[in-house]
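Please read the structure below before turning to the comments.
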Amino acid sequence: MKKCWWLIWSGVLALSFLSGRVSYAPQPYVLEYPASFGHRINTPADNPLTKEGVYLGRLLFYEKQLSAGNKISCGTCHEQQRAFTDGKTFSTGVDDVPTDRNAMSLVNLLWVRNFFWDGRAPGLELQAITPLTAPHEMGQPLEVAAQKLQQSTLYPGLFNAAFGSDQISGDRITKALAQFERTLISADSRYDQYLEGRYQPDSAALRGLQLFSTAPAPEKKIRGANCTHCHGGPKFYIELYHNNGLDSLPRDAGREKQTGVAADRGRFRVPTLRNIALTAPYMHDGRFNSLEEVLDHYSEHIVSSASLSPVLRQTSNEAGGNSLRLTKREQKDIIAFLHLLTDSSFINNPNFSNPFN
Amino acid sequence: MLYKLAAGLLISAFMATTAFGQTISVEGEVTTPLKLSVADIAKMKKTEVTAADRDGKTHRYSGVPVTDILQQAGVTLGAQLRGENMAKYLLVKSGDGYEVLFSLAELDAAFTDRVVILADQVDGKPLPDGKGPFRIVVPGEKKPARWIWEVTTMTVRFAKD
């Protein structure tokens, strides 16, 4: 309740502040992230980050009026405590019909170039149109969303502060959402603290890191899991599309639906492993309930097919093996390492939380 | 003759499965953008190189020199590769999203004897599933990380800074 007053008050403040001024002067929002993440970031020239825009985007992210019947917000399927996932195999939106795919974690999106499990949306602004309008998600035309907000007391002033006029449109809604999403940076896990010498992992996690980063070579007696080939680098993903051996005849053709190329059958974008311990169930269809099941898959059950990733073919700790064949202890060690990627300051960051609570 | 026929049959069977619908686009700082089909590339002059893959074993790769393709697209090579053109690069992309970069000078025959090829065969056979129909082979490089497979796009650009 107290928060709510504060919101209205800041809205009014923004309004009165702007009506007394001729020019609109939003303040630039300065992004902070480790240099090791690289500067290949994606902010379109017509949507620079501003403090006003990011703040508005945060409100919109948790705004139920953006859905048909005011039932749900983006935050319903993307909960901060779960690194912006929802803990479900498939999500349900306004019509209670399950979505086709598992809700993705929203983390370090600033570096992503093509969104969704199949990379079909080249930009966050464009991406946001899908959940806002899809019948099994928020199910409401953009014009209706814009009208509802226009009639509110809160929003016209906030749009004015962010975009220079109180005109609310679908375009501005997606721009503000994208600005907020670009600030969702996770770079303070215990693994990051370990790299900075502020945290000492136990020996299981260190063995796990070693396996995670090493390609197996049984002929040289080198054991490894080769996860970094796809989930490597400081962001724990490389923007690649691979078929990681889940099915021989995938029910969801993945990227093939986009490209029509047979080699893309069952290929999905490699997801980040940051905060992975918080985002079960796993894979595009949420088929695995635990990291134990994921490790069991890579270790024992890689299914071969014409589009199986070459990286996973004949990659094994046993000569001639078709799956990794890690021991139970090695699997546990890798899981211990994956737990180091949980970033509690990210999931507790007050700037990302629901402002209406 | 028979061998050639068999190889031809093999290639077409291969094309029917994996390569269907795939082309290689050559774009960017070119005078003639290209969209090369498997058939287009089959018509070009072939070169063979031997090089060691990740398995440590030496293989015979056959394909088209990358510079022949770039020349066909009108990229500044040879006598034109000087001055500001020295700041140009070739970015090669794979269907799986992987990307690797070469400076033009490290490909050009006026600068190096090493011939980087766009291979379509290894040891006389089409490339295996997942690596074809075309793969870059860089002879003499210690690590085959630039041997990008499933090539879909070759883009020439000026470095910006």
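Backbone N, Cα and C define each Cβ position, glycine as well.
TrEMBL annotations: computationally assigned, not manually curated.
Copied over from TrEMBL:
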- A:CYS74, A:CYS77, A:HIS78: heme c 1 binding site (BINDING)
- A:203-342: domain 'Cytochrome c' (DOMAIN)
- A:CYS227, A:CYS230, A:HIS231: heme c 2 binding site (BINDING)
Per-residue pLDDT averaged over the domain 'Cytochrome c' (A:203-342) comes to what?
97
Quick one: pull the CA-CA distance for A:CYS227 (heme c 2 binding site) versus A:CYS74 (heme c 1 binding site), whole Å only.
31
Return only the integer: C-alpha distance in Å from A:CYS74 (heme c 1 binding site) to A:CYS230 (heme c 2 binding site).
28
Distance, A:CYS77 (heme c 1 binding site) to A:HIS231 (heme c 2 binding site) (CA atoms, angstrom):
24
Relative to the Cβ of A:HIS78 (heme c 1 binding site), which residues of the same chain, six or more apart in sequence, are found under 8 Å away?
A:PHE61, A:PHE84, A:THR85, A:ASP86, A:ALA103, A:LEU106
DSSP-assigned states of the domain 'Cytochrome c' (A:203-342) in counts, ordered helix, strand, coil:
52 helix, 10 strand, 78 coil
Which residues of the same chain, at least 6 positions away in sequence, have a Cβ lying under 8 Å from the Cβ of A:CYS77 (heme c 1 binding site)?
A:THR85, A:ASP86, A:SER91, A:GLY93, A:ALA103, A:PRO131, A:GLU137
With a radius of 8 angstroms around the mean position of the C-beta atoms of A:CYS74, A:CYS77, A:HIS78, what other residues of the same chain does the heme c 1 site pick up?
A:PHE61, A:SER73, A:GLY75, A:THR76, A:GLU79, A:PHE84, A:ASP86, A:SER91, A:ALA103, A:LEU106, A:PRO131
